[in-house]
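A quick write-up on the structure given underneath.
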Amino acid sequence: METVNLALAIAAGTVLVLTLTSGWIKTKLWGSEAMVCVAVGLMLGPYGLHLASLDPVANDAHASWVEQMARATLALSVMSAALSLPPGYFRGHWKAMGWILLPGMALIWAASAGIAYLFLDLSLLMALLAGAIVTPTDPVLARSIVAGRLADEQLPPRTPNMITAESGANDGLALPMVLLPLFLMDPGGGDAQRSLAILAWEVLAALLAGWVLGKVTGRVFSVGHKHGFSEQKALTGITLALAFLALAAAALMHADGVLAVFVAGLVLNQAMADEHQEQHEHFQDAVDRSLTLPVFILFGLILPVGDWLKHGWPLFAAAGALILFRRAPVWLLLQLVGRPYTSGREALFAGWFGPVGVAALFYAAYAAKHGASPVLWPLISLTITFSVAVHGVTGTPLTRLYGKLTKADPSEPSQG
C-alpha cells in the first residue's frame with residue numbers, strides 16, 4: 001500500500017506542479033507537460049524506482065487496463081476539442097475537412113504502412129495495422145500546441161481550429177482502419193462483405209448515437225436553463241457525463257465510441273448559447289491539466305526500452321521516418337491538389353504538428369490483445385516518445401516563427 005501511495009503522490013504532485021507552471025515550461029523551456037509526465041513515468045517504472053511494472057504485450061489484463069485508461073482520456077480530449085471549435089464549424093468548412101479526413105487520412109495510412117513495411121520485418125497486413133495506429137492526430141498533444149497564451153498571440157484563429165477539428169474527428173475515424181487488417185488477419189473473422197458491414201456500422205451507429213445524445217442533452221439544458229431548473233455552472237459536469245455516456249452507449253451498440261463522443265460534443269456545442277462558452281473553457285482547462293496528463297505518466301511507466309534496444313537501428317529509423325515523413329509531405333500534396341489551407345505555409349505548419357499520442361496508445365493496446373506482432377508495440381511506443389519529445393521541443397519556436405511570418409504577410413486572412 002505504501003508503494004501505491006508513493007506512486008500516487010509522485011503522479012499527483014507532478015500534475016499539480018505542471019498545472020502551476022505550464023506557461024513557463026512552454027515558453028521558457030521550449031518543452032511540454034507531456035514530456036515531463038513521460039519522464040516521471042519512466043522514473044517510476046522498471047528502469048527507475050521500479051514502483052510498478054506493466055507489460056501490455058505479455059499480459060492481456062495490463063493491455064486492457066492501458067486500453068481503457070487511454071480510451072477514457074481520448075473521450076475527454078475529443079469532447080474538449082469539439083467544444084473548443086466555433087459552433088457549426090464543420091458545416092462552414094466541409095470542403096477543407098473533407099480533403100483532410102478522406103484522402104488525407106488514407107494517404108497518411110499508406111505512407112505510414114509503407115515506412116513500417118520498408119524498415120521492419122512485417123507482413124503487409126501488419127504494416128497496414130501499424131500505419132493505421134499512427135494515422136490519427138493526437139488531440140491531447142495537438143491542444144498543447146494550438147491552445148494557450150502563445151498560440152493566442154501568434155496563430156490566426158483558423159489554424160488552431162483546423163488542427164483541432166482534424167484531431168477530434170480522425171481519432172474516431174481511425175478505428176475502421178485499425179479493425180480492417182485485424183479482420184483480414186483473423187481466419188475466423190468472416191468474409192470481406194461481413195467485415196465491411198461491421199466497419200460501416202461502427203461509423204454510422206456512432207454518428208447517430210452521438211447526434212442523438214448531443215441533441216437531447218443540449219435541448220434539455222437550454223430549456224432547463226431558460227426555466228431555471230438547470231444551472232450554468234453545472235455545464236462542466238454535464239459535459240463530462242455526456243462524454244462517458246456517449247462512449248459507453250456506443251460501445252454497447254458495438255459502434256465507434258470515440259467518434260460518438262466527438263459528434264455529441266459538436267452537437268452540444270451547437271446548442272449552447274454564447275454565454276456558456278466560459279463554462280466550455282473551464283471544462284477544457286480541467287481536461288487539459290488534471291484528466292489527460294496522467295495517461296502520459298502511465299505511458300512512461302510501460303515504455304519497453306529493452307525491446308527498443310533489442311530491435312536496434314531499424315526500429316529507430318522507422319519511428320524517426322514516421323515522425324518526419326508520414327504526414328508533412330502528404331499535407332503539401334493535399335495543398336497542391338485541393339487547397340484545404342489558405343497557404344503552403346499553413347499546410348506545412350499543420351502537416352508538421354500532427355503528433356502521435358494517446359490515440360495511438362489506445363489502438364496499440366487494443367491491437368496487442370488481438371494478435372498484433374510483438375514488434376508493433378516497440379514501434380508504436382517509440383514513435384509516440386519521439387513525437388512527445390520532438391513536437392514538444394519544436395512547438396514554441398515554430399509557433400513563434402509561423403506567427404511572425406503570417407503577420408508579415410498581409411495577403412493571408414486571419415479568420416476561420
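Every residue, even glycine, has its Cβ placed from backbone N, Cα and C.
TrEMBL annotations:
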- 6-25: transmembrane segment (TRANSMEM)
- 18-399: domain 'Cation/H+ exchanger transmembrane' (DOMAIN)
- 32-49: transmembrane segment (TRANSMEM)
- 69-90: transmembrane segment (TRANSMEM)
- 97-119: transmembrane segment (TRANSMEM)
- 196-213: transmembrane segment (TRANSMEM)
- 234-252: transmembrane segment (TRANSMEM)
- 312-334: transmembrane segment (TRANSMEM)
- 346-368: transmembrane segment (TRANSMEM)
- 374-394: transmembrane segment (TRANSMEM)
Contacting positions for the transmembrane segment (97-119) when only residues 6+ beyond its ends and CB under 8 Å are counted: 90, 126-128, 130-132, 134-136, 162, 165-166, 169-170, 173-174, 177, 314-315, 317-318, 321-322, 325-327, 329-331, 333-334, 337-338, 340, 354, 379
Maximum Cβ pairs under 8 Å to the transmembrane segment (32-49) - stretch from the list 69-90, 346-368, 374-394: 374-394
Contacting positions for the transmembrane segment (196-213) when only residues 6+ beyond its ends and CB under 8 Å are counted: 172-173, 175-176, 179-180, 183, 242, 245-246, 249-250, 253-257, 259-267
Segment-segment contact (the transmembrane segment (69-90); the transmembrane segment (374-394)) at 3 or more Cβ pairs under 8 Å: no
Non-local residues, at least 6 beyond the ends, that sit with Cβ under 8 Å of the transmembrane segment (312-334): 99-100, 103-104, 107-108, 111-112, 115-116, 118-120, 131, 134-135, 340-341, 344, 347-348, 350-352, 354, 356, 375, 378-379, 382-383, 385-387, 390
